[in-house]
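> Below are the features I grabbed from Swiss-Prot:
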| type | residues | note |
| --- | --- | --- |
| TRANSMEM | 33-53 | transmembrane segment |
| TRANSMEM | 77-98 | transmembrane segment |
| BINDING | 83, 182 | heme b b562 binding site |
| BINDING | 97, 196 | heme b b566 binding site |
| TRANSMEM | 113-133 | transmembrane segment |
| TRANSMEM | 178-198 | transmembrane segment |
| BINDING | 201 | ubiquinone binding site |
| TRANSMEM | 226-246 | transmembrane segment |
| TRANSMEM | 288-308 | transmembrane segment |
| TRANSMEM | 320-340 | transmembrane segment |
| TRANSMEM | 347-367 | transmembrane segment |
């Protein structure tokens, strides 16, 4: 009798993707984040769907509707806390996933990598428009500051900003369209995830050594399904701990006040996962320059495959590149800290130095380290 799992048109796709998929035998826990991101996406879509059933995207009632969800809807407080902290978990997994890709040279699968960068940008856009929806002080002023950056574009900037706003400032029209974007984007992300996996399964997974693993493959199920299940339990443990014990730990107290266009908060700052980019934006005293640096800080990921100079794929056996990678990690943590600080000395100069170092590491130092390591492997003396 033929196995339905291997013959049915739909089951066959699932089988080739999650069950009989040949996977390298040595992939570490750093390869768990892909599945965790998929789970985060499902959690966000489900909690978001239930929130959307009770939310109203009107400037007069948006803030009250969120309070109503937390007070009057059955387990509304839990759904809201899971959704808000789920976003933080999503970005934590995203950053670790991208970091893994850089460390182990996964970016050499160019199609998979490029779709991944597009996914990162789409998730960032989704999180930004989502943060505006509760219509608190930081929601309103965050939206005002970030959308205002469009006006830095020469000639068309102001028109573009007003087009996004649907008026002359962030108002009812802006909130309504941001809700529409926030609802549709996760489904676009889901479609992109399918394409991301499609390209990944064309080549198969990379592995920590960076060496072709074809000589030693094992089936995805049961080995990596059980490993992913462990990752899932740890993810849920952290998410539930956050949502149940300290749901407002990563939020901003200003967002407990309804949006007031006449009262600017003392320190306007985005959620923690955007602070590194915000610090780079603020470190340049010119508006257009700051916007370009902000874009470059993310889009630089697209050119990483072309900056790979080493003869080895992974950093596993490249100590100089490893050192630079961990300096880059520390630098990003520094930028995140600076992004949350007021614009005054010494934070300004620290932010500027960290921003310069960020681009220097990726564009100059890491490619040079790769070339030097090649030389050390085959010295000419």
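Every residue gets a Cβ built from N, Cα and C, even glycine.
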> Just the number: how many Å between the Cα atoms of residue 83 (heme b b562 binding site) and residue 97 (heme b b566 binding site)?
21
> What are the sequence-distant neighbours of residue 97 (heme b b566 binding site), meaning same chain, six or more residues apart, C-beta distance under 8 angstroms?
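Expected: 33, 34, 37, 116.
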> What is the interatomic distance between the Cα atoms of residue 182 (heme b b562 binding site) and residue 201 (ubiquinone binding site), given in whole Å?
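Here the two Cα atoms lie 29 Å apart.
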> Going by a 10 angstroms cut-off between Cβ atoms, which of the binding-site residues 83, 182, 196, 201 has the sparsest surroundings?
201
> Which one of these stretches, 33-53, 226-246, 288-308, 320-340, has the most C-beta pairs shorter than 8 Å to the transmembrane segment (178-198)?
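Going through each listed stretch, the top one turns out to be 33-53.
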> Check residue 83 (heme b b562 binding site) against DSSP and tell me helix, strand or coil, would you?
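DSSP assigns residue 83 (heme b b562 binding site) to helix.
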> Need a quick answer: max count of Cβ pairs under 8 Å to the transmembrane segment (226-246), which of 33-53, 77-98, 113-133, 320-340 is it?
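Between the candidates 33-53, 77-98, 113-133, 320-340, the best contact partner of the transmembrane segment (226-246) is 77-98.
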